[in-house]
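Working notes for the structure below.
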Amino acid sequence: MASLKDLEGKWRLVESHGFEDYMKELGVGLALRKMGAMAKPDCIITLDGNNLTVKTESTVKTTVFSCTLGEKFDETTADGRKTETVCTFTDGALVQHQKWEGKESTITRKLKDGKMVVECVMNNAICTRVYEKVQ
């Protein structure tokens, strides 16, 4: 089973399925969904003890959040939502659970065959994005 340390590094998106449907379920407008679907972001994960930083960079937008594992924090997402978020490391996966306005979404990052597989879920919308390590 992977450790959190195994997820640390710079990852580049190489495959994406269902992202536009997931964004639509989140309530993202059409124009931003189209731009988001075209973006090929890098995800940079850094650790300092129990402190986690996740930076997502693309030509469209760069977002960063930092948190302490297991503690709630206020996150502003790439699409502008203000969420109450908690990140945990459970069963070899980094789980990011967001809550806002009575809604919930979960983003799970885990290693599979040397790649980082990210699953984004809200209601029945499920998105899978695959990243390869570049650093």
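Even glycines carry a Cβ here, placed using N, Cα and C.
As given in Swiss-Prot:
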type: MOD_RES; residues: ALA2; note: N-acetylalanine
type: MOD_RES; residues: SER3; note: phosphoserine
type: MOTIF; residues: 24-34; note: motif 'Nuclear localization signal'
type: BINDING; residues: CYS43, ARG109, TYR131; note: N-eicosanoyl ethanolamine binding site
type: DISULFID; residues: CYS120-CYS127; note: disulfide bond
type: BINDING; residues: ARG129, VAL130, TYR131; note: (9Z,12Z)-octadecadienoate binding site
type: MOD_RES; residues: TYR131; note: phosphotyrosine
type: BINDING; residues: TYR131; note: hexadecanoate binding site
Problem set entry | Three-state secondary structure, ARG129 ((9Z,12Z)-octadecadienoate binding site) (per DSSP) | strand
Problem set entry | Among CYS120, VAL130, the one of these recorded positions whose Cβ has the fewest neighbouring Cβ atoms within 10 Å | VAL130
Problem set entry | Where ALA2 (N-acetylalanine) sits in the secondary structure, as DSSP reduces it to three classes | coil
Exercise. When you put CYS120 (disulfide bond) at the centre and draw a 10 Å sphere around its Cα, which of the binding-site residues CYS43, ARG109, ARG129, VAL130, TYR131 have their Cα inside it?
Worked result: ARG109, ARG129
Problem set entry | recorded positions compared (ALA2, CYS127) - the one with the fewest other Cβ atoms within 10 Å | ALA2
Exercise. Distance between TYR131 (N-eicosanoyl ethanolamine binding site) and ALA2 (N-acetylalanine) at the Cα atoms, whole Å?
Worked result: 16
Problem set entry | Extra residues within 8 Å (Cβ to Cβ centroid of CYS43, ARG109, TYR131), N-eicosanoyl ethanolamine | LEU7, TRP11, LEU13, ILE45, MET116, VAL118, ARG129
Seminar exercise, completed: Excluding its own, the Cβ atoms lying within 10 Å of the Cβ of CYS43 (N-eicosanoyl ethanolamine binding site) add up to 20
Seminar exercise, completed: Secondary structure of the motif 'Nuclear localization signal' (24-34) by DSSP, residue by residue, totals 8 helix, 0 strand, 3 coil
Exercise. Which whole-number value in Å describes the distance between the Cα atoms of the residue listed as 'N-acetylalanine' and VAL130 ((9Z,12Z)-octadecadienoate binding site)?
Worked result: 16
Seminar exercise, completed: Note: in the chain of ARG109 (N-eicosanoyl ethanolamine binding site), residues six or more apart in sequence with C-beta under 8 angstroms of its C-beta are LEU7, ILE45, ALA93, LEU94, GLN96, MET116, VAL117, VAL118
Seminar exercise, completed: ARG129 ((9Z,12Z)-octadecadienoate binding site) has its Cβ surrounded, within 10 angstroms, by a count of other Cβ atoms equal to 22
